[in-house]
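If you check TrEMBL, you get these features:
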DOMAIN    158-217  domain 'PAS'
DOMAIN    231-286  domain 'PAC'
DOMAIN    368-419  domain 'PAC'
DOMAIN    496-548  domain 'PAC'
DOMAIN    566-787  domain 'Histidine kinase'
DOMAIN    1114-1213  domain 'HPt'
MOD_RES   Asp861  4-aspartylphosphate
MOD_RES   Asp1010  4-aspartylphosphate
MOD_RES   His1153  phosphohistidine
TRANSMEM  50-68  transmembrane segment
TRANSMEM  80-99  transmembrane segment
TRANSMEM  105-131  transmembrane segment
Amino acid sequence: MKKLAAAAGLLIAAAVYLFRRWLFVADYGIHHPAYHTHVWLVRTNALADGMIAVSFGVLFGSLFWMFNGLRRSQIMRPNLWIFVSFAALIAACSLSRAMEALTVWSPIFALSAVFKVACAAVSIPTAIFFARESPRIATQMRGMTHELRNAEQAILDAEVDYQEQIEAISRSQLMIEFTTDGQIVHVNDLYLRTLGFAAAELVGKHHRDLLTEEERSSPEYALFWERLRGGEIQTGLFRRVARDGRHVWIEGSYTPIEGLNGVPTKIIKCATDVSERIRIQQDLKTQEQALRKSEDFLEQTGRLAGVGGWEVDFANDQVTWAAETRRILGAEPEYEPTLADTIDLFAPESRATMHAAIAQAAGGGEGWDMELPLVARDGRRIWTRTVGSVMFHNGKPACLRGAFQDITARVAEREALQNASTRAALATDSGGIGIWEWDVQTGELIWDAWMYRLFGLQPEANGQISYERWRRFLVPEDLALTEERLDRAVSGVQPFDMEYRILLQDGAMRYIKTTGGVTCNLAARTTRMVGTAMDVTDRRQAEDAAVRSRSAAEVANRAKSDFLANMSHEIRTPMNAIIGMTHLALRAEHAARQHGYLTKISKAAETLLSIMNDILDFSKIEAGKMGLERVSFSLETVLDNLMDIVGEKAGQKNLAIRFSIAPEAPRHLVGDPLRLGQVLINLLNNAIKFTEKGEISVSLRVSGLTPYQTALTFTVRDTGIGMSREQVAKLFQSFSQADNSITRRYGGTGLGLAISKQLCELMGGTLTVESEPGKGSSFQFTAVFGMAAEDAAMTPVTLQKDRLKKKILIVDDSEMTREQLIGVLDTHGFAADGVSSGEEALPALDAGSQAARPYDLVLMDWRLPRMDGIETTRRIRERLSLLHVPAIVMISAFDRDEVLEGVDGQTLDGYLLKPVSARTLIDAVTRTLDQTQQAQQAAKTVAAAPIVPATGAGLSFVGRHVLLIEDNDINIDLATELLGDYGIAVTVATNGREGVERALAESFDVVLMDIQMPEMDGLQATRLIRRHERLAALPIIAMTAHAMSGDRERSLEAGMNDHLTKPISVSRLQETLTRWMPAAPARAPEPVVAVELPEPEQAVPFNLQAALARANNKTALLRRMMLGFRDRYAHAADDLSAHIAAGRMEEAHRLAHTLKSTAATLEAKELTDAASAVEFAFRFGRMDGIGPLIETVGRTLEPAIAAAACFETRMDA
C-alpha cells in the first residue's frame, strides 16, 4: 500500500508540473503585445476558445438528434428552415472558435478569418429568419399547449371511464392485475370469494404462486409470459387451487395494457368460474365412457355367447343388425337388411313359423323363443336360437326387438348325445348292464329293467325299490365291506367301484360288478349316487379257474425250480470235485495215455457244467426271473474277455477271427456286460463249432444313438456249413437243433440259441439269422444300452509323449487285418504302414533304416504266403543292411507253442493271439517298445499281451517278481503260498504308502493291490504310482473284496489294469497272471506236505472242500489260515462295538471289510454275509441299524472261531 501511495503522489506532482509549465512557459510566437508580459493570458484565451468550440459541437449534435426524431411532426414540418439555419450557425461558431484557439500556437490567421466570415454569413440569415418567424412560432406554440391540456383532460376522463368499466366487470368477472414481471397488484372481491383467499394473502405474490408444481415446471409457462410481454392476449381454461384445497376451473384471458410508449405496463386477467360446467362435462364424459364400456361389454358378451341383437322400426321399416348378428348371419358390413330379407334367410320350412310368430307378437301376444335352421348369406347352413318381442307406443306396435344365437355346435352335440344315449342304451341292454340311482337322503333306489333282471325280480311300475330290500340280497360276508365302500363314496373319500355277491330267490349266488358316482348340492353335500351294475359271475368263475391253474403251474414251477436247484447242487458238488481233482491230477507227471484220459475227463466235466448252466438260465427265463444288471462297463473289456475265451478254440481249428468295430461306437456303456458276453460267446462258439476252414468275422455298428442311450448291432459271420430254410425255422426252439445229425456230430443241448434270443429281447433287441447251406451263416442281434458318463478311449495306460509317433510296420496278407491294425495305431498316435508279405517287408525296412525315421517295431503274421513269419523274422535279424533292427511281435490265430516250436527263444520280442482287440494291441506295442528301450538290446522275448490258456497246468513264472500290497495276514499267507507255487518272488507291503515306496525303490513285473488298507488305500496308491513315468506301464491288478457294481470301473479309472474279486480263485489268479506276465514251462512240482484236517462236521461254518481248493489243496496252508483267523478275529464283534463307541468309524469299517474278505476266502458263507452287511452299512452311512448287524456277526463268528480251533486240536492229536 505504501508503494502505491508513493506512486500516486509522483503522478500527481508530474501532472501539476506539466500544467504549470504549459500555462506559464512561453514557447510560441507572440502576436499581441499583452502576451509579452502575461503568459497565463495566452493560455486562458486558448482554453476558453476550445471549450466554446466543444460546447457548440455538442449543441449541434443535440439539434441533429432532435431534428431526426421530429422531422415528421407537426412542429418540425413548417419550421424546417429555421432549424437548419440555426444548426448551421452553431456549427460555424464551433469551427470559428476552434481556429481562434489554434492561432495561439500556429499563425493560421487567414484560415481563422475565413471561418469567422463564414460564421458571420450564417448568422445574418438566421437572425432574419428568427425575427420574421417568431410571432408565428409563438402562436403555434400557444395552440399546441392548449391541445396538450385538452389531451390530458381526455386521458383523465378515459381513466375514469376505464375504472368504472373495471368496477362493472369486477362485479361479474374474476379479475386480477399483474405487473409485467408477474407480481400481483390487485385482486377483486369476486376472485377472493371464489378461491377463499384474503387480499393480503395474494397481493404482492407472484403469478407462479397461483400455479401447481406441474404448471410451473412446464415449458409452456415461460412462453406464455413471453407472449404477454410482447403484447399478445392469452386465453384459455385454467385450474386453480382454492385455499381449502378445492380445484377451481376458470376460463378467461390475460390482457396486456400498453402505456403511452406502446409497451405493456401491466396485465389484467378477466375470467369466469366454469367449475360447474367442467363438472357437468366430466360427468357426461364419465357417463359416455360407462355407456361405451357397457356397450363394449354387451358386444363382447354377445360375441362370447354368440348372441347378436337386432331391431325393426315399423315407422320407417328400418332393420338394424348388431355386429355379432352380422357375423352369425354372414352379412357384409355395408349390407342393409329388411324384415323380408331377414325372414328369407330361414330355411323354407321355417319361414311360415317366423311369419306366424311375428304376427302373434304384433297383435299383442307374447314374443317367441325358437330354435330354427337358416342359411347364412355366405352359404353356411346353421341352427339359430331366435328370440323376439314387440315394443308398443300408445297402444300401437312401434318396433320389434330380438336376438340371434348360433347354436349349431349345441345342436350337433345334442344330436351326438342323443345318438350316444341310444348307443349306450343298446350297449347296456345287449351287454346286460343295469343302471341304478340311489337317493342318499331318502334311501330310495331307482332301477332300470336290467337291474331287476340281475336280481331275478319283476320290474316295479315306477322302477323304485327300497334300500333295505336291496341290502337283503347281499351275501352276509360282503355286506359290511359293501356298505363301508358306499359310505366312503358318499363322503368323497374314494369312488364306488367293487364287486359283491348276491343270493337270488332260487338260492343261486351271482357276482355283481358295480360302479357309481355322486352328485352334490350347493352345500357340497352328497344327495344321490348314480351307477351301473353287471353280472360278472362267468368271468369270476373263469378267473378262479385261471388262478387255480396258475397256482398249480406255480407249484409245478417251484417243484421244477427246486428240482433244478437240487439237481444243480447235487451235480455241481461232484462236478466240482471232478474238475478240481482232474486239475490237480494234470499237474502231476503221467503217461501220455493217462494224461489224455484226464484231459478228456476235464473237458467232459466242463461241457456238462456248461449244459447245467444253460438249463438253469433257461429255467430262469422261462419262470420270468431272469433280470438284467445295469452297471457301467467297458465294451472293450467285454470284447477282450470274448477273445480270451474263444481265441484258443479258434486257434485249434486254424480259424481266423476278425473284428470290425465302428469308430463312432461308444466305448463305455450302461447295461449287463455278463449277458452281452454270454450271447457273443454263444454265437462265436457256434460259429467255431460249425466252421472247419475259413474265417469268422465279428462286426459292430451303431444303429441308434441319443444323448442317453444307444442301440448297437452285432453281426457274427462264419464260412461254415450253413443251414437250410427248414433248419433256420426251428433254430431258436428250445431243446432242438437244426436236425438230429448235427446233435450227433457236434453235440449240444439246443438251448444256447434259444437262451441267446431271449437275452437279446431282454436287452431291448432281437436275434436273427441268415444262412445258406455250404455258404456259412450270419447271426445279427441288436441290444440297447445306456450311455455312461465316461465315454473315453479305452487305453489302460496313458501313452507318454516319447512313445508317440513311433514307426510300426504291419506284415499281414489280409488287407482287412492291415487296415484294422493301422487304424487302431494311428488313433493312438503311432505312424503305421502295412505290407502283404515277407518279400515286401525286407525292402520296406531297408528304406526306413536309411531314412531319418527307421521302423521301431514289426507286427508279423505267422501264416504268410511263400515266406512265413518265422522265416521273415530270421532274415530281418540277419540282415546286415539294417542300421536299426526293430522289435518283432508275432501275431497268429494259432497256439503259441505250435508257433514257437522252431523259433529261437531270443528271436521274438512278443506274441499276440488273434483276434487282437484295440486295447490288447496298444498294451502289447507299448510294453514291447518300453522293454526294448529299457533293455537296449534287440532280442529279448517278452509276453507282449494277455494270453489266457485253457488251464493253469504247466505254468511257471520263475524269475518273476510280484509286489503284494495287502494288510490281511491270512490273505498275505494265501497269496504268498499260491504265487510261490509258480516260482514267483513275492515282496509284501502292508499298506498303500509302503507299497508306493517299494514300487519306487525296486523293480517288479506285476503289482497285486488291495483296495481298502490303513494309511493309504489302493486307489490312492495306484494314482501315486502312475505319476512316475518309469511305472506308467507297470501292470497293477486290484485284488479286493469290493465286488459291487462300479467297483471295477473305479479301479480302472484310478489306473489299474485288471480287477480280481476276493475270495481269490486259483484258476482266475492263473488267468490274470498269464494275461499280464509271461509264463515259462513249469518246474517239477515240489512234494506237498499233507496235514490231516478235521472232519467236515467239525468245521460246519466252513465249506471245507471249497476252502481247501482256495488254498490250492495245501492242507498245511489251510491250517495256518484257519488258526490265523482264530487268533485275529476271535473278538471281532466286540472290537467293532468298541470302535463305534469310541468314534473310530474308519477302523471299524476296515475291520468289517477284512473280516468279510477273510471269511469269504475260508468259505464261511454265513459269516461273510453278516460281515458284508456291516461293511455295507459303513460304506453307505446307514448307521441307524448297525447294532443288530454286529450282533449277527457275533452269533455267526462264535461257531466259526470254535471250528477254526479244531484245526489246532486235530494237528496236536
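Just so you know, glycine gets a Cβ as well, placed from its N, Cα and C.
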Within the domain 'PAC' (368-419), residues counted as helix, strand or coil by DSSP: 12 helix, 32 strand, 8 coil
Three-state secondary structure, Asp861 (4-aspartylphosphate) (per DSSP): strand
Listed modified residues (Asp861, Asp1010), ranked by Cβ neighbours within 10 Å, top entry: Asp1010
For the residue listed as 'phosphohistidine', the number of other Cβ atoms found within 10 Å of its own Cβ: 25
Composition by DSSP (helix, strand, coil) of residues within the domain 'PAC' (496-548): 12 helix, 30 strand, 11 coil
Mean of the pLDDT scores, which run from 0 to 100, over the domain 'PAS' (158-217): 81
In three-state DSSP terms, the structure that His1153 (phosphohistidine) belongs to: helix
Cα separation, Asp1010 (4-aspartylphosphate) to Asp861 (4-aspartylphosphate) (Å, whole number): 39
